[in-house]
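Reading through the structure tokens given below for one structure.
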Amino acid sequence: MSTGTFVVSQPLNYRGGARVEPADASGTEKAFEPATGRVIATFTCSGEKEVNLAVQNAKAAFKIWSQKSGMERCRILLEAARIIREREGEIATMECINNGKSIFEARLDINISWQCLEYYAGLAASMAGEHIQLPGGSFGYTRREPLGVCVGIGAWNYPFQITSWKSAPALACGNAMVFKPSPFTPVSALLLAEIYTEAGVPPGLFNVVQGGAATGQFLCQHPDVAKVSFTGSVPTGMKIMEMSAKGIKPVTLELGGKSPLIIFSDCDMNNAVKGALMANFLTQGQVCCNGTRVFVQKEILDKFTEEVVKQTQRIKIGDPLLEDTRMGPLINRPHLERVLGFVKVAKEQGAKVLCGGDIYVPEDPKLKDGYYMRPCVLTNCRDDMTCVKEEIFGPVMSILSFDTEAEVLERANDTTFGLAAGVFTRDIQRAHRVVAELQAGTCFINNYNVSPVELPFGGYKKSGFGRENGRVTIEYYSQLKTVCVEMGDVESAF
């Protein structure tokens, strides 16, 4: 399949083990191919009736799935992981077409996805409570039990990967899930739904409903939904938390960020430059944990900046399905204009554009209406500038200088966000000292934007709470039951 040829021809809702048209509507949406600007799908947003049908299907499947042993769930999740590996090329291609990221990156995303399923398959077979001995031969024990029907609401920057990150631990714990993708990227969640069905989950265990805010509201407020996990913006996360609170539903929120990346003068310069590029330009800069505030110690500021600009200008922009492309288009026209607007404001506030920050028009005529821009490096930045304070969510790096460790820590933490942070230094004592002081849920030392599924991922402050990945996520998709067993006579006060 090549860029500019794909059109959705099947229903984009998934319920009861099959693709279906929604039973009712709450509006329509269009999905675009960012590389060309073509409409690839016009679809109906799910209304309250469709959401209820999806939840009821999930509720019925939950009764079957939750009674399976951990080993049975393990085998099915491992089979799903195997199918993802087998279909890696097809899924990665769909991700490129609907999201715009390069095929190089998309393959990495799909690999992380099947690794996530394998990881939680292993945990499914080893979940256990504990036994506590009490006086007189009595004892207590705990049971880790599933929650029920969980809701996943995904973002558009990692469509398939986020679907996997939310569904794998949920299903491993014995839950069912109704998933709502972003209306910008409705396609790839359906592929995972079909894979789960092929692997052997009960029909209805994993359902997909398409839609926007109204559909999300129906999900969050549904009385039979036990938990909501959301990835997206802070304002939307606040609304989801408020809606879920009315039903006393636990939530996991993975929200925005404005993360600091601290480059000390004793760093390995080559690795620090590569780390800064990884921290700013993956997925066209549309990554919530990106280290977009790059603090560089003054002694190496000029050398570091020169090398970063040189490497940024070499990034190959173009057709995301070509093997040598390293940066594709942004997600859509309004977002492209928003990011360009941030660059304009940065210049007005005194920042200097060292490269990029403007529209890029590929030579291939079929890409002329795509949403491309050149990756941007800003210098002469101050902490009070809009480009330094607000999440841009595009390929825009802001370089700031600093003198001392104490100074940069204070400035790095001066934000309402706390999703991620990074430090490059050869001084291992300094590295651990600095990350201990950084107010961020995920910290990197001498690397950035790596995401092993074995490690928990999540934020501090307004970047959200709860975690995805790692063993701890089991706690967010299960509940603990305590059982107290008396082996003697009841000692009564009456």
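For all residues, glycine too, the Cβ spot is worked out from N, Cα and C.
According to Swiss-Prot, the feature active site, proton acceptor maps to GLU254, an assignment based on sequence analysis. Sequence-distant contacts (6 or more apart, same chain, Cβ under 8 Å) of GLU254 (active site, proton acceptor) comprise SER229, PHE230, THR231, GLY232, CYS288, LEU419, PHE457, GLY458, GLY459, SER463, GLY464, GLY466, GLU468. Reduced to three states, the DSSP call for GLU254 (active site, proton acceptor) is strand.
The active site, nucleophile annotation in Swiss-Prot covers CYS288, and the record cites sequence analysis as its basis. The local packing around CYS288 (active site, nucleophile), expressed as other Cβ atoms within 10 Å of its Cβ over all shown chains, amounts to 24.
The NAD(+) binding site annotation in Swiss-Prot covers LYS180, GLY232, SER233, VAL234, PRO235, THR236, GLU391. In this structure, LYS180 (NAD(+) binding site) is part of a beta strand by DSSP.
In the three-state DSSP scheme, SER2 (N-acetylserine) is classed as coil. What Swiss-Prot lists as N-acetylserine is SER2.
In three-state terms derived from DSSP, LYS30 (N6-acetyllysine) belongs to an extended strand segment. Long-range Cβ proximity for LYS30 (N6-acetyllysine), meaning a same-chain Cβ under 8 A and a gap of 6 or more residues, is found for VAL39, ALA41, THR42, PHE43. Feature annotation from Swiss-Prot assigns N6-acetyllysine to LYS30 (among others).
Positions annotated as N6-succinyllysine by Swiss-Prot, on the basis of similarity to another entry: LYS30 (among others).
A sphere of 10 angstroms centred on the C-beta of LYS59 (N6-succinyllysine) encloses 17 other C-beta atoms. The N6-succinyllysine annotation in Swiss-Prot covers LYS59 (among others) and is backed by similarity to another entry.
If you look up Swiss-Prot, you'll see LYS298 (among others) marked as N6-acetyllysine, on the strength of similarity to another entry. For the recorded site, LYS298 (N6-acetyllysine), the DSSP three-state label reads helix. Its own atom aside, the Cβ of LYS298 (N6-acetyllysine) has 11 Cβ atoms within 10 angstroms in the protein chains shown.
Other C-beta atoms found within 10 angstroms of the C-beta of LYS303 (N6-acetyllysine) number 13, with every protein chain shown included. Among the features that Swiss-Prot reports, N6-acetyllysine is placed at LYS303 (among others).
Marked as N6-succinyllysine by Swiss-Prot on the basis of similarity to another entry: LYS303 (among others).
Following the DSSP three-state reduction, the secondary structure of LYS344 (N6-acetyllysine) is helix. Counting only same-chain residues six or more apart in sequence, none has a Cβ lying under 8 angstroms from the Cβ of LYS344 (N6-acetyllysine). Positions annotated as N6-acetyllysine by Swiss-Prot: LYS344 (among others).
Here the CA atom of LYS180 (NAD(+) binding site) lies 16 Å from the CA atom of LYS59 (N6-succinyllysine). Of the residues the record lists as binding NAD(+), namely LYS180, GLY232, SER233, VAL234, PRO235, THR236, GLU391, the two whose Cα atoms sit farthest apart are 24 Å from each other. Taking a C-beta cut-off of under 8 Å and a sequence gap of six or more, SER233 (NAD(+) binding site) has these contacts in its own chain: LEU255, GLY256.
Ranked by CA distance from SER2 (N-acetylserine), the binding-site residues LYS180, VAL234, PRO235, GLU391 have LYS180 at the top as the closest.
The Cβ of VAL234 (NAD(+) binding site) lies under 8 Å from the Cβ of LEU255, GLY256, LYS462, SER463, each of these being in the same chain and 6 or more residues away along the sequence.
The Cβ of PRO235 has fewer other Cβ atoms within 10 Å than any other of the binding-site residues GLY232, PRO235. There are 11 other CB atoms within 10 A of the CB of SER2 (N-acetylserine), with all protein chains counted.
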